[in-house]
Structures are given as structure tokens and as C-alpha cells.
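Here is what TrEMBL records for this protein:
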{"type": "DOMAIN", "residues": "B:4-83", "note": "domain 'Thiamin/hydroxymethyl pyrimidine-binding YkoF putative'"}
{"type": "BINDING", "residues": "B:L9, B:T43", "note": "thiamine binding site"}
{"type": "DOMAIN", "residues": "B:124-201", "note": "domain 'Thiamin/hydroxymethyl pyrimidine-binding YkoF putative'"}
There are 2 protein chains.
Amino acid sequence: MFIGAQVSLYPMTSDFEQVILSGLKALDPYRDRLRIETDDMSTLFVGASAPLFDALRDLFARAAQQPPHVTMHVTLSRGCPGEPDDPSCRCETLSQAQDQTLAERQTLATEAVQAAPVLGVEIDVQFSLYVLGRDRHMDEIYGCIDFLKASGTFLRSKNFCTRLRGDAGAVFEAVRQAFLRFGPAEGHVTIDLTASANSPTLR
Amino acid sequence: MFIGAQVSLYPMTSDFEQVILSGLKALDPYRDRLRIETDDMSTLFVGASAPLFDALRDLFARAAQQPPHVTMHVTLSRGCPGEPDDPSCRCETLSQAQDQTLAERQTLATEAVQAAPVLGVEIDVQFSLYVLGRDRHMDEIYGCIDFLKASGTFLRSKNFCTRLRGDAGAVFEAVRQAFLRFGPAEGHVTIDLTASANSPTLR
């Protein structure tokens, strides 16, 4: 299994480099458990889902605590057939999901969101979950959307994606559960995610 | 068939709203051929691939002609089983692709990039092509990557995505060809794309 993300932070301010550098400090607690490599367009995270999603959450929450409008784009992937197996990405949730029904996975996902920490940072997210290389992929997508609607973070459906809104703790936990518990445990699953905070449109 | 995109423009300047409004003027020639709806996170485009990709290209090229660092994120989708059929999205390229071999589609895609207009705006793009709901989806992905490598816009492969660089005309044509000519013509295909211009990292 190979799990990772390409991550980009976009502060809408002329001082954007300062906001990015400040946000990157939030990654320090995770650097020993994630491979992190930056180029001019995005930063690669590779590792297990626990530090991976916690790092995404803390990076964005840190940036959102500053006044400027800020967004983050994340391309998440697990099980891509073109990537090598990486022992650091091993995931108990995925191993267990193989023997669980859709209803069981929906219940476990909802419980995980209810247990998420409260960060005190309100954010918006929209994302698409893609289940690749499998017939009837929409069954898992619709099952995931049903979970999201009951998660307490659901805002509304849009063309091609789902909008979430809430505390950064619950919202990123909802996305982690969508990523891990829907689609085949050993299959190729990806997410296209955008987070937003401090939008002037919402003020 | 339903074809569309969720589009967000991110100018890294405190004057970001002015750059966005200026960029949106580039959409005026396309408004009679596309459905365009904006909310606080993204703008929905629905319509045929000809005006759709031309509009994306012109929107980003206009924004990139101003000095600030600017990025654009696009979630593209065709053939999603959850979306209604829309006659305005009808696409000759897709209809013809049904009877063409992978090699024929690669040749036609390369010719289209060679015929693309030159806009005089250098941009960077990274994107992922997802072929959903079909076994052996990686054959089409690898076929698409072979086309990109020969397209004149290829920069390098990254984890989970492919980097392109070049004139906005050729780069957006390469993405349009990837979107239309790879994956089943009547299937569900999506793209997760980020464009970037004027990055301080590259100066």
C-alpha cells in the first residue's frame, strides 16, 4: 500500500510566503512519521493515514488562524498501482474494512467524526472521492455520501463534489473516514479536495 | 453526456478580488455556450469541450498576465452517472473515439497540441486523470502519459500526477486531449488539475 498527498496552500495576500512558512511550522510534530518533499507547485506527504490527515488538518488550521483568505488544495491517493508498496503507509482501518459491510463502515465513520478533537477553527471544504478500476464504483460513492450527510459536517451537494462545513477537527476527520472506509480496501482510491477559510464572500 | 468543471482562481495578492474580476472578463465570449454559476468556493462550467477548455485557458492566461503569483484549480468531469444527460455537452471527439485504437487516439491528440494557438503566456500545470468504473483502468492512464511525454508540454512525472510546462495554448490543449481521448468514450472520466504562473520559486 502507498498512501500520500500533493498539498498546496494558497493565502490570498501579498504576504503569502509568510503565511505559508508559518503554516509549515504546524508540520513539525509529524516530520518523523511522514516523508515531506516540496517543489514549486506542491508538497508531497507520504505515510500512514493517522499522521497524514492530522498534518493536513493542522497545516490548514494554522494558516486559517491568520486574517487573510486562505485555501488549500490536496490530491490524495491510496493503492495506486503505479506506486511501490511502502511499509510506513500500513493502515489498520483499511485492513479491518475488508471484512466490514457498507453499513458497518458507515457507523464506524460516523463515530470517528463524533470523537474528533475540536480545534476552534471553522472551515469550508469541498471534495470528490474517486474509486478507480472497479465496476459499480458508484455504490461506494453513494454509501459515502450517505455517511457524510449524517456526519454533522455536511453542507450540500454540488456538481462533481460535496461541500462540508464545520470545525477543522470534524471536517478533516470526515474526509479521512471517506478516504479509508469507502472503496475497496486494497483498491485505488483518490480524493480531490479544496479547503477554504476567511472567504470575504462569507463575511 | 454531462461535461463540466468546478473552477477556482487563487491570486496570491491582497488585491486578489481585482485579479479575479479581471480574469472573469475573459469568459465573456463563452457565456452563450456555457452554463456558468459561481458560489463562495468555485465556479461551475457546464458545456461542450470546445468552449469549456478555451474558457479555462483564457481565464487563466488573463490572470497570469498580471504580475502576482496566481494558481487555478479545476475539477473536470465527463460522463458521471450521477449527472443528467445534457445536449449542450455533445462532443464529436468523444463520439469518434469509440472506434479508434489507443495508437490512433495518441496520434490525433499529438496533432491537436501541435495545432494549438500560441498565447504568449508561459504556465505550469500538474494534473491527474482518473478513469472510473472500469477494470484495467491503468492501460488508458499509461497510454495518456505516453501521449503527454511526446506532446512537447511534458515536464516530469510526480507522485499521483504529471507536470506540464509551456505556452497556455499548448498546455490546455494537451489537457483537453487527455480528458477526451483517454478512458472509455461513454465512461466516467475526471481530472484534478492545478495551473500556476508567476511563481516566486521559479524567478
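Here, residue 1 is simply the first one shown, and the rest follow in order.
Each Cβ is built from the backbone N, Cα and C atoms, and glycine gets one as well.
Around the Cβ of B:T43 (thiamine binding site), 18 further Cβ atoms fall within 10 Å across all displayed protein chains. The helix, strand and coil residue counts that DSSP assigns across the domain 'Thiamin/hydroxymethyl pyrimidine-binding YkoF putative' (B:124-201) are 29 helix, 31 strand, 18 coil. Helix, strand and coil content of the domain 'Thiamin/hydroxymethyl pyrimidine-binding YkoF putative' (B:4-83), in residues and according to DSSP, is 31 helix, 25 strand, 24 coil.
Sequence-distant contacts of B:L9 (thiamine binding site), defined by Cβ-Cβ distance under 8 angstroms and a gap of at least six in the same chain, are B:V19, B:I20, B:G23, B:L59, B:F60, B:A63, B:V70, B:T71, B:M72. Per-residue pLDDT, averaged across the domain 'Thiamin/hydroxymethyl pyrimidine-binding YkoF putative' (B:4-83), gives 95.
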